[in-house]
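Peer 1: This is the structure I have questions about; it appears just below.
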Amino acid sequence: MSAHMSLRPAGSRDDASPIALRDRRRISTWLFVICFMLIGQIALGGYTRLTGSGLSIMDWRPVTGIIPPLSHTEWERQFALYQTIPQYKILHDGFGLAGFQKIFWAEWTHRFWARVMSLALLAPLVWFAVTGALTRGLIARLLLYFVLGGLQGAIGWFMVASGFDQNSTAVEPVRLVLHLGCAFALYIAILWTALSVRTPRAAFIPATAAVVRTKRLVWCATILIGITITAGGFTAGTHAGFSYNTFPLMDGRLIPHGYARLSPFWLNWFENVPAVQFDHRLLATVTALAIGACLFAGLRTPQLGKPAQDALMLMGWAVLIQYALGITTLLLVVPAWAGTVHQTWAAVLLTIAIVTLHRLRGVGRV
């Protein structure tokens with residue numbers, strides 16, 4: 001094979017060599033598609049959890065697991081495995097093979113989509129690398145994302161396996177949050193890379209006091225979004241959303257009774273239903289106020305430029321929608337459709353925040 005057609009370091013662009021405009025558009029479009037697929041996976045994960053489908057497949061076969069049961073005998077084998085765990089005996093006893101197939105397909109689709117995403121990342125990566133469209137640094141980064149995607153699959157199984165315990169009918173909240181958090185972290189990394197490939201040079205924004213203050217506020221708001229998503233994971237993992245289905249008070253109280261009943265105190269943030277739900281409500285409110293502060297500061301600062309101000313406006317609208325979705329999900333006692341949309345829109349809100357930060361990266365840069 002010729003040197004040009006190999007995956008050698010010399011066959012890729014030097015990191016100091018800019019990627020051609022045509023290649024930048026193709027590469028970034030591909031990565032944006034991966035991001036869209038990841039949002040779909042986050043939605044599928046939420047639906048799988050909310051329908052109680054996550055424990056329906058009791059073996060982990062990364063390669064052959066892509067093939068679903070093709071015979072009645074195989075369906076019976078899978079169902080027999082599921083009947084051995086407490087979730088079936090306590091929650092689904094007697095729902096039959098047809099009921100099992102319904103939850104099986106939800107979990108199978110979630111795993112199948114993960115495999116599709118792996119191929120959608122790896123195959124174009126090989127092509128772009130072979131044709132010399134990628135820099136060495138970008139090849140290394142994208143290969144790392146591929147490996148982390150595989151690790152995320154292993155973390156998913158680590159989470160699911162916790163639900164097979166004889167004293168459990170669901171996965172452990174900490175493992176659920178780990179799986180969710182890693183998905184969002186990988187999503188942020190790929191999104192930032194896609195944005196940077198599409199627009200490698202940041203537009204200069206003068207570093208005035210107002211501009212710097214706005215950028216700091218956006219950073220704070222973005223961090224709060226991440227923390228609130230994490231708190232939402234614990235709300236989901238502890239099923240806290242099925243309690244205190246009133247708003248703005250929690251059964252007539254601002255701070256629910258029993259908030260600090262566990263010892264040591266910090267355990268309440270992760271295991272105590274009243275505390276977990278209150279914290280998620282509080283963080284959501286603080287996040288909305290922080291984004292409001294970003295809007296107030298940013299729209300009064302014309303030096304930011306129209307792209308950044310437009311992104312701030314989108315953040316404002318997105319957080320209002322997300323807050324309304326959260327209240328709706330709570331008051332309706334977490335129907336699967338509402339919970340899925342709420343989790344998915346959290347990814348949309350985070351996306352807009354990352355785009356806003358990316359548009360602000362040129363502050364003070366010439």
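Here the Cβ of each residue, glycine as well, is placed from N, Cα and C on the backbone.
Pulled these features from Swiss-Prot for this protein:
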- 27-47: transmembrane segment (TRANSMEM)
- 119-139: transmembrane segment (TRANSMEM)
- 142-162: transmembrane segment (TRANSMEM)
- 177-197: transmembrane segment (TRANSMEM)
- 217-237: transmembrane segment (TRANSMEM)
- His280, His342: heme binding site (BINDING)
- 282-302: transmembrane segment (TRANSMEM)
- 314-334: transmembrane segment (TRANSMEM)
- 337-357: transmembrane segment (TRANSMEM)
Peer 1: Given the transmembrane segment (337-357), which of the listed stretches 27-47, 217-237, 282-302 has the most Cβ pairs that are under 8 Å apart from it?
Peer 2: 217-237
Peer 1: May I ask you to check whether the transmembrane segment (142-162) and the transmembrane segment (27-47) make contact, with contact taken as at least three Cβ pairs under 8 Å and only pairs 6 or more apart in sequence counted?
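Peer 2: Answer no: the transmembrane segment (142-162) and the transmembrane segment (27-47) share fewer than 3 Cβ pairs below 8 Å.
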Peer 1: Going along the chain, which residues at least six beyond the ends of the transmembrane segment (217-237) come within the CB cut-off of under 8 Å?
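Peer 2: Same-chain contacts beyond the ends: 46, 49, 170-174, 176-177, 180-181, 184, 269-270, 276-277, 279-280, 283-284, 286-287, 290-291, 293-294, 297-298, 312, 315, 339, 342-343, 346, 349-350, 353-354, 356-357, 360.
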Peer 1: Across all chains shown, how many C-beta atoms besides its own are within 10 angstroms of the C-beta of His342 (heme binding site)?
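Peer 2: Result for His342 (heme binding site): 24 other Cβ atoms within 10 Å.
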Peer 1: Which one of these stretches, 119-139, 177-197, 282-302, has the most C-beta pairs shorter than 8 Å to the transmembrane segment (27-47)?
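Peer 2: Stretch with maximum Cβ contacts: 177-197.
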Peer 1: Under 8 Å Cβ-Cβ from His280 (heme binding site), six or more apart in the same chain: what's there?
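Peer 2: Expected: Thr228, Ala231, Gly232, Phe234, Thr235, Ala240.
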